[in-house]
Amino acid sequence: MMDFEYTPYGGTTAPSTMNQQEMDHYFGGSYGGGVSSISRREIIEHFAEFRRAIHEGPVSLVQHYYNTNYATMMQNYSAEWPSAEALREHVGDDPLFLTLYKEMYFRHIYASKPGGVSLEERQESYVNYIDLFNLVLAKEQPLKIELPDQWLWDIIEEFIYQFQSFCNFRTKLAKRTDDDIEQLKRNIKIWNVHAVLNVMHSLVDKSRIVEQLEATKKGVSFNPGSDLFCQTNLYKMFGYFSLIGLLKLHTLTSDYYMALKTIECIDLDVTKQNDVCQVFHCIVATNYHAGFCYTMMRNYEDAIRVFVDTLLYIQRSKPIIVAQTFQNDAVNKTADQMMTLLAICLTLNPMRIDETIYLHLREKFLDKLPKPLLWVGPDGKLPFRDSFAYACPKFISPAPTIFEQRNDTQWAEPFNRQIEVFTEELQEQAYIPDVRSYLKLYTTMNIEKLATFMEKTPQEVKPILLTFKHKLSGNDATQKTEEDFQSSADIDFYIDKEIIYIADTKITRRYSDYLVKQILKYEELTRSIVEALSPQHGGIFFYNSHCYDTNNEIQHSGQISLYSIMKYKLLSLIIFICFKYISTKCIWYEGIRDGFNQVYRNGQPKPLPLTDISLLNEMCPHIPTTEGVSPLLCCDRKQLTEIQKFKYIVDNLIGRCPSCYFNFLRIFCEMSCNPDHDQFIWPLEIFNITRPNNEEVSIKGNEDEVIRKDWALTDYVDPEEEQEHDADKATSKVVTKPIETVEVIKKLRYFISEEQANDFINSCWSVRINFQYAVDVLCGSLNRACDVKKLFQYIGLKNAQSPIKIDFIFVNGTYYDKEIKRTFQPSKAKMFACDQPVVLPHLSREKCTCMDCNAMCPKINHTKKESFISKNGTFIEKFKEKIYKLHIITIIAIGLYSVFVIIFIFACLYECIPNLKRNKKSSLVENIRNDKTDEIEGEKKNLNGGPIKDESDSEASFSEQQGGFLDNIGMKIDDGLHHIFTVIGRFCAYNPRYTIIPVLTIIFVLCFGSRYYTVTTDPVDLWVASNSRARQEKAYFDEKFGPFYRIAHLILVPKNKKNISLLYKTPLEAEEKYTFGPVFERNFLLDALRLQLFVENFNVTAASGKTIYLNNTCYKPLEPDNNNCAILSLFQYHQNNLTFLSQERLYPSQYLECIQAPLTQQTKSFQRTCMGKFGGPIDPYMVLGAFPSHDGVPDYAKAQALIITIIINNQRKNKENVNEQLEDTLLWEQHFLQYMKTYNSKWFDVKYRAERSIEDEIERESKSDIKTVLISYLIMFLYIAIALGRIRNIRHLFVDMKVSLGIAGVALVTLSVWASVGIFSYMKIPTTLIIFEVIPFLVLAVGVDNIFILTQSIQRDQRLLNEDVESQIGRIVGRVGPAMLLTSVSESIAFFLGALTPMPAVRLFSLYAAVSVLIDFFLQITIFVTFITLDHKRTIENRIDVFCCLQISRDKTNSQPRCLSLPRVSWFKPKISKKRPSISNNQSPLQTPLGSIKSDETNKNIFRQSSKIEPCEEHLMEMDGFLFSLFKKYYAPFIMNCYVRPTVIFIFFTWLALSIALLPYVKVGLEQNITMAKDSYMIDYFSALKEYFAVGPPVYFVITQGIDYSNINASNMICASAGCSSKSMANQLGIASLRPSETRIAQIGTTWLDDYYDWLRHRGSTPCCRLHETTGGFCSTNAPLNANCHPCTRSTTREALTHYEFTTFLPYFLKDNPNYKCAKGGHAAHGNSVALSDEDKTVETSLIMGYHSLLISSGDFIEAMKQAYILTDTITRTLQTAGYDVKVFPYSIFYVFYEQYLTIWHDVFMNLSISAAAIFVATFILLGFDIMSAFIITLTIAMITCDMIAMMYIWNIEMNAISLVNLVMSVGISLEFCAHICRDFILSAKGSRLKRAEKALAYMGSSVFSGITLTKIGGIVVLGFSHSQLFHIFYFRMFICIVSFGAAHGLIFLPVLLSYIGPSPNHIRKTRIHRSRSMRKSHPLQAMSTEMS
């Protein structure tokens, strides 16, 4: 076996003079191998080392620095490089190196500078190039440095590129400034074309390269004479590259003849170019430009030849060479351009080309380039134009620039000129394809006949024929004479008279004669070589890249002249001819049977028969062979066949990564066939076996069927296969007795270098097998517990599949074995790294992809950003650190609050100083004004004694002041509303019958619709919008792949938590004790298995009598071949066998083996499979819980819980028809849960769930809380009934009660909700449970508030003179109605706008709430007004409440006959004014409150009652309630205290700032355990889920329709095996799985596409994909051995697979069950991963499965979904950029529920903002266009909402849809707290802001407090006793906050704010009051007489 060392790319290198230590220093230093991030200092240090390498050598070190480190710096160091002056300080004054550095510096600028290169930098770069070339050319002696060829080529290429760039820069005058043009004019010689040509020609002349190349071409030696320049590699390569530069220059200037003339001395054959220049990109660029020149000169045949040869060269060499350069992109683009030009040339001149290039060309341009006849497209443009524009060079004009033309025409002119030339050429050749096609059919033809075919006249055909003759005659510039002329057409003709004579010009070569001549030459050459190498000539032979002399045994290195003159193509022949002279030994030869090889001690290698070389090349591709020569090896065909069997098993495991796969093969091929393997392997155990008779047919192949009969997974079997199998049973022959006994090796020792072993495991470390790592399988371990020693120990000694045991010994260099007493030298075979392409003598493969090779993945920075402040930092530094950690909103809140505090302090100081002076003056004024009345004093002084300066104090200010425009509109609106509501009130009061009956009729009709109502309970319909992304993707997934499975879980936790010691069997058959977790205790396992078996056989009888078993509904992955349910449990490791568990003493051994290798087909302990009974593998982390980990490796044997997962098929719900299968499943789950509730075990506690558990528990929870909700509402109803009344005394208790009125009010609230349900039921809009839970609370708050205000307004009012009850009610409704309208309309509009949200639950809540509030308002101003009128009359008449027929008699003993006999005693002793002045009776009863004086004014100026007013009524009117008195006397004055008000402002704004600061920290989501009742079994399950589970939910990455998987380019964007794109979907998913903490992707399975390709290419004794010879149907691997089947495809490569084969065999793959022979069968893993089209069976959509990392909290679920969306969006963009119109989306079962949380904050702010805006607009209009009032109300509501959200953080309430509904509701309730007080403040036209605020708080505050606050508090407190956590958190906590925060802001903050910045009274209103006062003062007698009358 020979080892090849591949010479690194880089050209000719000088011999290295460095020792190994120095090489390690340079190549292994900090700059070797790439740099991740480079600092400026490191750049300078690097170039200092670079200079040392240039001057001291060797050139290989310079090449290393240039190819590796310079490229890395170009990519990773984007900042400006150090200047040459800065570098000079470190490298000294070295002009040459500094010039070279500046060349790289400017190249970096050209490549990376944003915005382009400036004119100054272009000029500086040109000057630097001139300096560099002067240093090279101006020397008398050659420079004594050697630079790599790659660098020299880059210098010349960059020089030409910068010249081209400058030409374009100079001619794009439209973008140039005047300064640039002036500078260009001054420096006209900069980048002049003549100067550039002069440099190139000077380098060519200096190197004499043309003479050297011509000498080489003629086969003579070149005589340099005394010229030292041409002998130096630096000048030689500079000259050669300058020739290529001249080729490019002439091509760019469109001088194609001169371009080809320049390279006349260069052979365009790539192999010959490679002898001169090994710069890959130079060869490609040379042939590209030469081929383009041929194309433009119509020499299409030569152009095609050049393009094809170059493309083949790129295809062969690119994996090796391009990977070592940083010009990969340039090579790729050039290859694409050549491919396009080749397509054009082939269209113009069809001819046969290489099949590989043809297939690639056809695939790429089949539909893009036109057919020969379709030259002009339908739009009149040439279809070739765009392709030519892409493929051609970027032409430049050598002419001087005309600077006066300030446009870009000069820049575009060269390109347009070449386009025109090409277009004319195409138009001239339009008919050539037609002419060719007709002429090829005939040998003679009449011109007239041809004209008829072409539908033209003979006169038109003749010019076409001449054109054909001319265009295809060829125009090669290299042809010198007429004799060299040769037509490029495949036919020729001449015309004689009117006849065309045609003849073929392409004569078929006589290959037989040519082959005979070549064979004779080959034999002659072979004889001469053998003679030269014979012993008498010194016995020279070659081996291992060294030359040895057999006589002297002296090693010579590079001194044999024969070797130096040999051609490269004879090298392999020489090596194998010399094999016969090598002294090698074998330890075995010839395979006997069962993988055993016969002992062959000290044997010589034997030649392998020529017929077996193809098998050798396939099995051991690294062994070089030569056609016709038999290699000398230590293996025969039988051994190679055994390797073949082994190879296909390994192929299933690691074949997806070529590096790992071929490294593995190389280790064992070396062991089997290496001709000197006695140097590293040695037999340890030998035994005798019998040699079988080869003439007999063995039936041993069927033995595995016997072994597997108890566990084998049945595959799909055709009926015809079974018939053939039955027919062939009788034909099998029995093995005869052997005729010979031979010695075979049973065990051997393999000495392998430690480096080689480590390289092997590193290359295989990341290779995946679905959700496992291949190394874990090869190592017999799990979860990365493998290392190199364990791996080779398991492969060699513990592997039961291998008959030969191998003892691997890791050594470094030569090793002496004391046991064997022999020295060994391990093989030096080089291992391929996974990020290296596999290039072997007989094959080449791509690199492994990121999915299987972490080195191919982008570099990941795993280091987290640590705090940069040390513990000993200063206080300021620590403070800054804490500030940096705060959210930006928190920082803003802190800043604004700081500003507020400063302003507040200055404002207080500003107010306090004047107040002190004012108080002193006030004391003097009081002494003087002690004769003033209390009324005047009250009006002019503050409540605390200070005088008030207010615009309303001066009556003179009212006299002539006119209202503004808004005041007028406001008064008109208010007057209109007052009039409307007065009319409505009087009508309803006077006409109760005509009010109640019609309104109730309407309400009845609306409520009747509720009989059609439907309740939405499905969480998807409830919380997810129909057009949401997650819901649409779920619908797509369900449609294509079916709904996600239903899951039933059993978590078994042992009651005994202690670990136990159990016996188990070691791999060496010994029994040892091991510590296991408590779940492995036998009694525990037996009881758990009995439970599982009971559940598996559990049956339920339906109402129809049908018996339902689990097997009827469960998921069966291998159905119909295997009908066992997919139950994931530990017991599947022995197929749920209870007997095994109860009787096997060493049962833990089975568990241990299966835990370590779940894919084991046959354990060593019990010969049982580890596969589940249902046919799939069982991952231990899915069935065991709470296991510890050591160094990241889980110890499953210490598990603390057992997990049983039952997978049940799911069905989509059908609203129209009942899904019977789904009903059966639900029934089974129901009885299963009932059984588990009663189950009890002595050995364990069980936590359980079914798919329906959450829904059932929520329903149970809702029913259990009905009682709590009813009690809550009853308490509120009772309070309303009692609080509405105003009790005089015990005697009149039943009269003064308002129970009937309260019941009526609550009934109206109920009817409003019921009517809204009816309305939407008519509209087919469903309702939700949240409507019944929340909306009554909301409507009750709004309605009760209005009820209290209306009722108490009547109680506090007194009838006017001659006014009856009905008129009084109408007047009060006119005054209170606008306020009720304000709150109701504002809330309804806010809710209607809130319905714009896409979330269904919030939208439905908003709609129902808006309609309910409006209906409730309608009922209150109609029916309730009637009810309150009747109740008021009942009270006046002393009739008992509820029982209205009963009346309390009056006591007549009193002097006043109509008064009660009991003393008039009030509970609350209200202060009643004795003064009752009257006013004129001509006041209109319909006068608005804006024009009159409100209740306080009325109390001071009350008209004396007429005789119609009863004494009891007068008593009622004079009596105030307790709350009113408390608010009026104590609370309002206290709040308005001058010291309390600033404190209130400060506290509430501090509260607001703190709330805003806490907003970002509110959690989003809804924890699952919160949704359950406190006594639910699901609480225990959720706790166990967090404690015992180790993996998250599965996630599917779905690819929608739009990609053709049979297309190799398309499939490369999906798959993850070798050859796939690095940006493929699977590779991106694999990269994401490397960062589970960030992406939340823990594992990604193998793609179905990779497994399908592996399944197709699998070869061996039984290929995976086979077809019946007779039927053509699928032939599974379980078919009989004598079944007549053949492989599906001939080729094993993906590239050769046709569309027909892909689509035809895919269904076979999807139904093929995996087994030992073919592990890639796709039924189990991918049967549901692909959705095929019903029409053509193509792939419609597919998916890739993965697993999320463990998700515990709602935040984890939300983050997982967010990251999955980000990942798939990136993949989608990648695929769409590649040209595929597809979409990739993730799907997991929880996405649809958690998607709302991705936009929850947006929804919150949108809903609240819309509601606030609606309230602002409504209040602005309805409050008389008072913008300040609207602002104050909106501000207060916003503050309440912010405080609510902040309290959610403090009280641990998460932001979700439920809390969003509550927040929206809080906006409506907050308005109730604010609107009435604010409106009462506005209507107070007299007094200062302070007095108006105090009066509004006293009069309306008590009503608000009693109507909302006290009503709700009692009901909410009851919710706190609910068993439901959901109710307790989201209803009790949030409702109590809503009411308390609303009351605090409405009754404390709002009045204080109004006292400071409240709006001034309406000017018109003040004028009316002033006139009323003047009238009363000027006519007191008239007023008194009016009163007396």
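Glycine too: its Cβ is placed from the backbone N, Cα and C atoms.
Residues annotated as compositional bias 'Polar residues' in TrEMBL: 1481-1490.
TrEMBL lists 1265-1430 with the feature domain 'SSD'.
Here TrEMBL flags 1474-1494 (among others) as region 'Disordered'.
Annotation source TrEMBL lists region 'Disordered' at 1969-1989 (among others).
According to TrEMBL, the feature transmembrane segment maps to 886-910 (among others).
The transmembrane segment feature in TrEMBL is assigned to 994-1013 (among others). Here the transmembrane segment (994-1013) has Cβ contacts under 8 Å with residues 987-988, 1311, 1314-1322, 1324, 1326-1327, 1415, 1418-1419, 1422-1423, 1425-1426 of the same chain, all six or more residues outside its ends.
For 1270-1287 (among others), the entry in TrEMBL reads transmembrane segment. Listed by sequence, the residues of this chain that lie at least six past the ends of the transmembrane segment (1270-1287) yet keep a Cβ under 8 A from its Cβ atoms are 1293, 1296-1299, 1301-1303, 1305-1306, 1336, 1340, 1344, 1347-1348, 1351, 1355, 1441, 1467, 1516, 1519, 1521, 1906, 1910-1912, 1914-1916, 1918-1919.
Residues or ranges marked as transmembrane segment in TrEMBL: 1299-1323 (among others).
Among the features that TrEMBL reports, transmembrane segment is placed at 1329-1351 (among others).
Feature annotation from TrEMBL assigns transmembrane segment to 1372-1393 (among others).
Residues or ranges marked as transmembrane segment in TrEMBL: 1405-1430 (among others).
According to TrEMBL, the transmembrane segment annotation covers 1538-1562 (among others). Remote same-chain partners of the transmembrane segment (1538-1562), defined as residues 6 or more beyond its termini with a Cβ less than 8 Å from a stretch Cβ, comprise 887, 889-890, 892-894, 896-897, 900, 904, 908, 915, 942, 944, 946, 1839, 1842-1843, 1845-1850, 1853-1855, 1945, 1948-1949, 1952-1953, 1955-1956.
Annotation comment: TrEMBL describes 1804-1823 (among others) as transmembrane segment. Distant neighbours of the transmembrane segment (1804-1823): 970, 973, 977, 1378, 1381-1382, 1385-1387, 1389-1394, 1396-1397, 1402, 1829-1831, 1833-1834, 1837-1838, 1841, 1845, 1855, 1860, 1863-1864, 1867, 1871, 1875, 1878-1879, 1882; these residues of the same chain sit at least 6 beyond its ends, with a Cβ under 8 Å from one of its Cβ atoms.
If you look up TrEMBL, you'll see 1830-1851 (among others) marked as transmembrane segment. Long-range Cβ contacts of the transmembrane segment (1830-1851) within its own chain (Cβ-Cβ under 8 Å, at least 6 residues beyond either end) map to 1548, 1551-1552, 1554-1559, 1561-1563, 1804, 1808, 1812, 1815-1817, 1819-1820, 1823, 1859, 1863, 1866-1867, 1870-1871, 1873-1875, 1878, 1933-1934, 1937-1938, 1941-1942, 1945-1946, 1949-1950, 1953-1954, 1957-1958.
Nonlocal intrachain contacts for the transmembrane segment (1896-1918), taken as residues 6+ away from its ends with a CB within less than 8 angstroms of a stretch CB, comprise 1268, 1271-1273, 1275-1276, 1279-1280, 1283, 1337, 1340-1341, 1344-1349, 1352-1353, 1356, 1495-1496, 1521, 1523-1524, 1526-1528, 1531-1532, 1535-1536, 1869, 1872-1873, 1876-1878, 1880-1881, 1884, 1932, 1935-1936, 1939, 1942-1943, 1946-1947, 1951, 1954. The transmembrane segment annotation in TrEMBL covers 1896-1918 (among others).
TrEMBL lists 1930-1958 (among others) with the feature transmembrane segment.
Looking only at the domain 'SSD' (1265-1430), the predicted model's pLDDT averages out at 80. With a threshold of 8 Å between CB atoms, the same-chain residues lying at least 6 positions outside the transmembrane segment (886-910) that come near it are 1542, 1545-1546, 1549-1550, 1553-1554, 1556-1561.
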